[in-house]
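Here's the structure, in structure tokens; my notes come after.
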Amino acid sequence: MRRVGARNKQTRSVNFMKGTTAGKKKSYIVVLIPCVVIFFIFLLAQRPEAQAGTPVTNFVQHREQQEGVLGKTRAEANAQGTESGLAGRGKYRCAVVIDAGSTGSRVHAFKFEASGEELTLLDSTFKAIEPGLSSFASEPVQAGKSLVPLLDKAKAFVPDDIMQETTVELRATAGLRMLEPSEVQSILQEVHTVLASYPFKVLDDAVSVMDGADEGVFMWVTSNYYLGNIGKPAEMTASVIDLGGGSVQRAFALAEGQPTPDTLADDSLRTITAGGQAYKVYVHSYLGFGLKAARMNFLKPFDAVDEGHPCMTRGYEGRYHYVDENVSVKADENDGADVDKCIATIEREMNFEEDCGVEGQCSFDGVWSGGSGGGSERNYVSSYIVDIARDVGVIPRQSTQQAVLLDEFRGAADKVCGLEYAAIQQSYGHYLNNDTDLPFICMDVLYAYVLLKRGFQINGDKEFTLVKQFDYKGKKVEAAWSLGAAINTLGKHSVAEVLGQE
Ligand SMILES: *[C@@H]1O[C@H](CO)[C@@H](O)[C@H](O)[C@H]1NC(C)=O
Ligand SMILES: *[C@@H]1O[C@H](CO)[C@@H](O)[C@H](O)[C@H]1NC(C)=O
């Protein structure tokens, strides 16, 4: 039986490569940096209130010319007397990042103050649309057009005088990774055309399908930046767990000197130098274990043998569609959902038995967990797990950041799984804002529970934090990988480079 995700990833990426070499058109599929271990080369300034009394110049490590370029640009700006307000080109820098996810596209635009060796986030804006680019597989022009409201929002945010040096990038995540390479190519081509019609700077690698590990490591940077942890010892940094539709990412800083297995994939370990610290960040993206993809894996075996599924509540019968597949789904006529059997089914599909080569340190599906210690203890859990928690009442609906215990998920599961489907329709009609998700409410809560408990070893009575938005400088900001991506781009490209003056 074919599983969604990891197993066919290999084939797909081989196809990408073939398509790329054979195609006459310029390719926009850039596999980002699997070989790079030293990752970002940039400067981050922490919010002042988090660092009372500490100088904020203790930031990064960068390429040699980096320092020079930023310095030079600033000096030029000064010489031209443009430093006041937003006019100083060396002083303010913006970056626009579009996150093209499997269920929707989101734009984030950031405004930083660039001062000497530091970048300080001043302001940001955000807008989201649905559906995602992958739902335009057969109409790439529409895919491109769908981004217009997002780009308009960004354009309104960026000051006119730095528009041309403001980079725009679009990173597609799991949804697009699962389409046919030719479809992906056409969509990205159209996207590129639309980006180029705006006054922003579109660099060569501006549009791509992003590696899941990059997504995870950018999320780590974003979260720790907003939490004020950059510069603190690894033990005090946050671990991130980000459940998307197609994949789930985990990233945290390893303890200093922690041994890593020889077999570890190159891109599972990144060195991030920021705030005077060199963090060794472990990251893994489990493709096929995002919420929507995982459902398909949990459902398929029961479709194949035409049996009632232990995660479906009594009285449900229907179909489940994910990307290009669909299966029939039904509840067990007599028993309805059974929490223990549902957990067993989920655990079976997560391949807990598969060895990762390091005894006692395997998460699931044959993957090294990163071990314990370091920054693995303070978990910040985002995306779908937060939506689920809100919608089944683990946390209040309007909550944007809240500490919880995993046992509360189990309690919620016991409640929803015991209901008839008709009762679920009555009480949880809003679940994930989409009728097509409602039938899977019991499965989803239990998947979140198993994933965190057995997958990422969070004990039932250990507190962790659900986060949709961070509170940063009195403003709510999205818990998303985009800030990390923006910082990475600004760190890699000086203003002069962006403007082609180098
Ligand atoms: C569901 O999948 C079958 C093949 O397994 C296909 O023939 C059918 O068109 C699909 N239906 C929908 C609505 O996608
Ligand atoms: C609901 O989900 C389906 C399938 O994932 C998607 O095609 C549809 O656009 C979604 N509808 C809304 C209103 O989000």
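Glycine is treated like the rest: Cβ placed from N, Cα and C.
The annotation transmembrane segment is assigned in TrEMBL to 27-45. According to TrEMBL, the active site, proton acceptor annotation covers Glu215. The annotation ATP binding site is assigned in TrEMBL to Gly245, Gly246, Ser247, Val248, Gln249.
Within 8 Å of the Cβ centroid of the ATP site, not counting the listed residues Gly245, Gly246, Ser247, Val248, Gln249, the chain contributes Thr173, Ala174, Gly212, Glu215, Asp242, Leu243, Gly244, Ser285, Tyr286, Leu287, Phe289, Gly290, Leu291, Ala293.
The number of other CB atoms found within 10 A of the CB of Ser247 (ATP binding site), across every protein chain shown, is 30. Remark: of the binding-site residues Gly245, Gly246, the most isolated position is Gly245 (fewest other Cβ atoms within 10 Å of its Cβ).
Counting in whole angstrom, Gly246 (ATP binding site) lies 12 from Glu215 (active site, proton acceptor) by their C-alpha atoms. Shown in sequence order, Ile241, Asp242, Ser285, Tyr286, Phe289, Gly290, Leu451 are the residues of the chain, 6+ apart in sequence, with a C-beta less than 8 angstroms from the C-beta of Val248 (ATP binding site). The residue listed as 'active site, proton acceptor' has Gln249 as its nearest neighbour among the binding-site residues Gly245, Ser247, Gln249, going by CA to CA distance. Within the same chain, residues at least six positions away from Gln249 (ATP binding site) with a Cβ under 8 Å of its Cβ are Gly212, Ala213, Glu215, Gly216, Met219, Val240, Ile241, Asp242, Val283, His284, Ser285, Tyr286.
In this view, Glu215 (active site, proton acceptor) is surrounded by 27 other Cβ atoms within 10 Å of its Cβ, with every protein chain counted.
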